[in-house]
């Protein structure tokens, strides 16, 4: 029974099939390169040697020697070889660029879904996988022609070597086989592990750089620049050491290839001299020697492909977690809007306004992230729209518009950050949500309005303005539930009242449900259901109903992290 293909392998093979016309052109051109090279070198060797012998034989023989046809054929073969190489490179790399151009967005989409092991990836590590690892698998496209090119080139080279002696052709075929099989073994057991180590080290370096860059203000405040520099140097040294190890092992592979090529050439030339009572003609020996060089050059191209294949397989192994086990096309989406936050308790109907209460650090943020499918959870504890968000084949995020406690903004304009929630939103809609978030006046007074740049992470805005911008972005997304984590944190009392008043008006107008986490008393009156996330006894949790305003519901289900 054949092993089932992973989602990533299925995707790569689908892209290879989609690029088949370009890859066929590249393969035909590669065959033209190897055959042209073998014929060119063989004919050149014969022509040079025969012309030299004709010259040594005297003026009459030299005058009778026909050099026009061989020289014309040599020029033709040189043009064919050069043109075929150009077509092969263009078609092969175009296929790779087209394939990777479609593959990378698919991988990014899986990364954005944040399922499984993907959730634990640091930003730098994720970047390394999307860039370096995806680039590494381009060999799956551009090296596909190597085996076909080797077969055609070896056939032509062996045929030309056989003109000198059959033993020369046998030596060439055996040498090429030893080179390819040995290189494959060395690549699998020697080069591939080093390639994986190098890619992992590069990912760790990027991840560490991203972490330290994000902590720059704190590092400066505590005078830890020296420690940060030493930490970067430590991780960079590890990455450099991994790169050096890979280079040495790859160099050893190429040294092996060079040694086998030299021995093969010696066998092609030496065996006829040993086995034949009459040495072959010198021009034919030149043909055999130079044709062997061309054939082994084609074999070296496959050796390079085998060397790069190790890095490609290591990259594929690192990219597999980004794909997950379930494709988005098979995802189940909710048909309803009711929420079940705790097991064996009544569901909260759509349109309700729920406040999660509890001490800091008890797990309120964890709870809502589990509910939205953003954090790994145990199956069977929650439901959203009638589905279990912990299942890998369920996507409930369409139910929610989320403004997280930790503000996350991109380096761009106000409009660009808002349109992350709705790329097609018109300007009138952007101004509407800014007004609801009490930020329209601030943006309107800016010289560029909606096109006002906000800087990296919103650095050009105050903390309260950044929070209100994320709130406006959540308003822009059409969803049955609005999930707000500390929406008024960092706001003065007057602005807080304005934001909450407009939030109430929005909820009254749209009928949208609300799940809010807040330690501030001003938001209490906005909600009609209060759930207290507490470390109370499980028996108490099972005894209390979903409560009305002023009552509490206790649960041990949410743990770790507010």
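Glycine is no exception: its Cβ is also placed from the backbone N, Cα and C atoms.
Remember, TrEMBL labels are computer predictions, not curated facts.
Residues 74, 77-78, 80-81, 83-85, 87-88, 91-92, 94-95, 98, 141-142, 144-146, 148-150, 152-153, 156-157, 160, 291, 294-295, 297-298, 301 of the same chain, all 6+ positions outside the transmembrane segment (21-40), place their C-beta atoms under 8 angstroms from a C-beta of that stretch. The annotation transmembrane segment is assigned in TrEMBL to 21-40 (among others).
The domain 'ABC transmembrane type-1' annotation in TrEMBL covers 25-293.
The annotation transmembrane segment is assigned in TrEMBL to 46-69 (among others). Here the transmembrane segment (46-69) has long-range neighbours at 282-284, 286-287, meaning same-chain residues at least 6 beyond its ends whose C-beta is under 8 angstroms from one of its own.
The feature transmembrane segment is assigned by TrEMBL to 146-163 (among others).
Annotation comment: TrEMBL describes 169-186 (among others) as transmembrane segment.
The feature transmembrane segment is assigned by TrEMBL to 253-275 (among others).
According to TrEMBL, the transmembrane segment annotation covers 281-306 (among others). Cβ atoms under 8 Å from those of the transmembrane segment (281-306) belong to residues 34, 37-38, 40-46, 48-50, 53, 139, 143, 146-147, 149-150, 153-154, 156-158, 160-161, 163-165, 168, 172, 175-176, 179-180, 183-184, 187, 253-254, 257, 261, 264-265, 268-269, 272 of the same chain, restricted to positions at least 6 beyond its ends.
Annotation comment: TrEMBL describes 317-560 as domain 'ABC transporter'.
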